[in-house]
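Q: As annotated in Swiss-Prot:
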ACT_SITE  Tyr147  active site
BINDING   Arg133, Tyr147, Pro148, Met149, Ser150, Lys151, His174, Gln187, Ser225  Fe-coproporphyrin III binding site
Amino acid sequence: MNEAVKTLDGWFCLHDFRSIDWAAWRELNPANQELMLNELSHFLSDMEITKNIGEGEHTIYSILGQKADLVFFTLRDSLEALNEVENRFNKLAIADYLLPTYSYISVVELSNYLASHMAGGEDPYQNKGVRARLYPALPPKKHICFYPMSKKRDGADNWYMLPMDERQKLIRDHGLIGRSYAGKVQQIIGGSIGFDDYEWGVTLFSDDALEFKRIVTEMRFDEASARYAEFGSFFIGNLLPSENLSKLFTM
């Protein structure tokens, strides 16, 4: 049997995509709308406290197209903590007007294809560079791109039948492309084998949305993607600071 990849695991992630029920929202009187927005604001203030003490992260983006209107991206140190955030959000009055369209569960991961190289032989969980990857600070970039992906198991193109050294080489070469976009694109990889329908959830952040097109295009021509990758739907959006939520919902 081929050697399975080992991973270092950090924060658990929830991408929660919602569509706004504008027809129902318009039926509310302004006073009720304001009460709901105030309740949402208090919820987000509590989320900010968690972020400030280093126990999690979160961000909100406005999604383009008809797949969703918003994504709430939350990171926590356990599935229980993540579920608590999800349940509390669903109990907000405004949640009745934010209809779920898609979600994705994963855990920030770094594989031993890369982790041992980054840690340089020390305990990787004590390495600052590794910890920054596993427990990332979400950048306030203008744009987000999220997509799920898996590795193929199709005849001769079966990633999981490749020897470890060949997989390491392919991932290393693939990673060189990503590193060439340092400073332009920040990437968070969430492992989701056994958690969701695909094997990874990829989240990209950038101040220039065209960088998403460039990096994904370049990676498509790399063997690790061209031969062995399968992709789900792509979601792209614009940063929505919490202080701008009221403006979004104002009729």
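Using N, Cα and C of the backbone, Cβ positions are placed for all residues, glycine too.
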Q: When you tally the Cβ atoms that lie within 10 Å of each candidate's Cβ, which of the binding-site residues (Arg133, His174) has the highest tally?
A: Arg133
Q: Would you give the longest CA-CA distance, in whole angstrom, between residues of Arg133, Tyr147, Pro148, Met149, Ser150, Lys151, His174, Gln187, Ser225, the set recorded as binding Fe-coproporphyrin III?
A: 22
Q: If I take the alpha carbons of Arg133 (Fe-coproporphyrin III binding site) and Tyr147 (active site), what is the distance between them in whole Å?
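A: One finds 19 Å between the Cα atoms of these residues.
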Q: Within the chain of Pro148 (Fe-coproporphyrin III binding site), which residues six or more apart in sequence place their C-beta under 8 angstroms from its C-beta?
A: Tyr104, Ser192, Asp196, Asp197, Tyr198, Trp200, Gly201, Val202, Phe231, Gly232, Ser233
Q: Distance check, please: Cα of His174 (Fe-coproporphyrin III binding site) against Cα of Tyr147 (active site), rounded to an integer number of angstrom.
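A: Between the Cα atoms of His174 (Fe-coproporphyrin III binding site) and Tyr147 (active site), the distance comes to 17 Å.
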Q: Measuring CB to CB from Ser150 (Fe-coproporphyrin III binding site), give everything in the same chain under 8 Å that is also at least six residues away in sequence.
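A: Counting only residues 6 or more apart in sequence, the Cβ neighbours of Ser150 (Fe-coproporphyrin III binding site) under 8 Å are Tyr198, Glu199, Trp200, Ala229, Glu230.
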Q: With H, G and I counted as helix, E and B as strand and the rest as coil, say where DSSP puts Ser150 (Fe-coproporphyrin III binding site).
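A: SS state of Ser150 (Fe-coproporphyrin III binding site) = strand.
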Q: Could you tell me the C-alpha distance between Ser225 (Fe-coproporphyrin III binding site) and the residue listed as 'active site' in angstrom, no decimals?
A: 14
